[in-house]
Structure formats: C-alpha cells, structure tokens
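Visitor: I am attaching a structure below and will ask some questions about it afterwards.
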Amino acid sequence: MVSPRGLQGLSVLVGLALCVTMLGLGCAVELGQLGRQLRRPVGVLLALLGQFVAMPLVAFLLALIFALDEVAAVAVLLCGCCPGGNLSNLMSVLVDGDMTLSIIMTVSSTLLALLLMPLCLWLYSRPWIHTALVRLLPLGAVSLTLGSTLLPIGVGVLIRYRYPRAADLLVKVSLWSLLVTLVILFILTGTMLGPDLLAHIPASVYAIAVLMPLTGYALGYGLATLFRMPPHCRRTVSLETGCQNVQLCTAILKLTFPPQLVGGMYMFPLLYALFQAAEAGLFVLAYKVYGRDGPKQEMLGEEEDTDISYRKLKEEEVPDASYGTVTTEELGAAPTETAQTAL
C-alpha cells in the first residue's frame, strides 16, 4: 500500500516537474514568432489536427480494439488527448527540424487543450459512460490543471522578452530535467505501488504504449506531407504529433482521480513516455545514419516558404560556392576571363 505521505510527495514532484517544463516551454517562445503565426497560423492548424483530431482518435480506437476496461481506457484516452510535450522540441533539434514550428505547435496545442482536451475526453469516453470511473471523470479539474500550466508559460515568455540569456539557460535546464524527472517518476511510482506492479499491467496496455506513439509519428509525417511541407518540417510535425505531454497526463491522474480506483494505471503515461522516447530515438538514429540531407540545403532550396520556416536565415544567408551556387554576374564574367587568358 502507498502511504498518504508518500503519495503526497509524489504528487508534489509531479507538480514541480510540470511547472519547470512549462516554464522552459514559455522561455522558448518569442513574441515575434507568435505575431507571425497569427497572420498565417499553419503551425496552430497542424497542432489542432495532430493533437486533438488524430491522437484522441488513435487512443479511442486502440482502447476499443484491445477491449480495455474502463480504468485502462481512461488512462489511454487521457494520454491521447494531452497536448504536445517538450520531448519533441529536443528531438527536433537532433533531426535538424524546424525549431520555430516545433515550439509553436507545442505552445498552441497547450493553449488549445484548455478547451479541447475536456471536450475530447467527454466525447470519446461515451462507450464507458456507465462505469463508476468515467462518471467521476473530473472535467472541471482537468481544465483547472491545464489552466495552471498557462501561468509558468506566461512567465517564461516574459523572461524571454526581458532576459534572453537567462531564457536560453532555462530552456536547456527544462529539456534535460524532463528526461531526469521521467526516470525518477518511473522508479518512485514502481517502488511505492509495489515491485510486482508492472507484472499486473495487462499485455494489451504495453502493446498500446508501443503502438500509440508509433502511429502518431506516422500520422504526423503523413499530415505534413499532405500540406506539402519541406522534409525538415515533416520530421518536426511527425515528432510533435507522436510526443505527448506525459507530465500533464501523470499530474491529472494523480491529482484528480482517487488512487484506489486508478491503481496501476498511474504507470501508463510513464510507459508511454518510455516508448515514445525510445521510438523517437530510433527515428533520430535512422536519420543520422541514412537520411541526413543537409538542413541548410533543404531550407535554401525550397521555393515555397511559410512564416514558420527559417525566413531570416534565407534572407541573410550568403550564397556558398560549395553548394554549386553560381550568380548571374559570374556567368557574365566567365567568357571575359577566358578571353583575357587566351590573349
């Protein structure tokens, strides 16, 4: 059994981890980027389709296909309805993705979750509506938890505006603390709820924890392809769609549901985090070995441009002869130089 003091300490750790993560996310946002997105909100649209259309539907279908009970189904649905997480920002760096797009998608999905996450939970929990746990589904508490995450994001945006160097440091701290926190949560939860906890989790739940992020990555890449985005943006959208904010899911499970009802399903978001990180790591490895195509060439060679691309880099980049760049003046000067040499 879990002692009340131990459960309270674990809940405090979850809350602090979520606060640090959201603070780091806010520190990665620049007001100029947000202004451009308001004029052409491609990133917001992709976040909406990926996080609140594709992923909740995937979670719902997997829960039905594997015939989960109401406790496991609620945990899976909660994870599927969560906004994007910071892990995608870290992984986007490793695959030479569009960091502006990654950050905008994460922030916008977090803001949209305030209304859309409770709506998705209410909609997709209909098959289990007559069970005790779903009747206790605290949609108001979910909204309150989501609302509390907006404050550290706002503070982070203010820090970025006033103290850019401090913001850069906080972004790095939040990204790496994310990985450390997930490991600590996994160890503490497994220890406090019993050494045989993992053995009592059904195999179907493990299967969903493997399939759900993998499906999200595939759907995200397909969605970006449908929008005819360049390769580095496709990789970014893929990671943004498959990576969920598991700290938020864990916080909601621990802070809003009675422990005796949820039981071992507290572990599902941590399992999801484990497999989403492992699969994203394989994605990064495959890109580094087989798919490295030069991010600078991607960005400079694309005819189509959006406000979420590296516009500044494209405007300021000096043509490099190593990429085979030949200017009009060089073409005109070549015959003259040849003639002079001949003389």
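Cβ coordinates come from backbone N, Cα and C, glycine included.
TrEMBL: automatically predicted annotations, no manual curation.
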Visitor: Scan 136-161, 240-265 against TrEMBL and say which stretch is down as transmembrane segment.
Guide: 136-161
Visitor: Against which stretches of its own chain does the transmembrane segment (205-227) lie, if we need a Cβ under 8 Å and a gap of at least six residues from its ends?
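Guide: That would be 42, 46, 49-50, 54-55, 58-59, 62-63, 66, 68, 72, 76, 79-80, 233-244, 265, 268, 271-272, 274-276, 279-280, 283.
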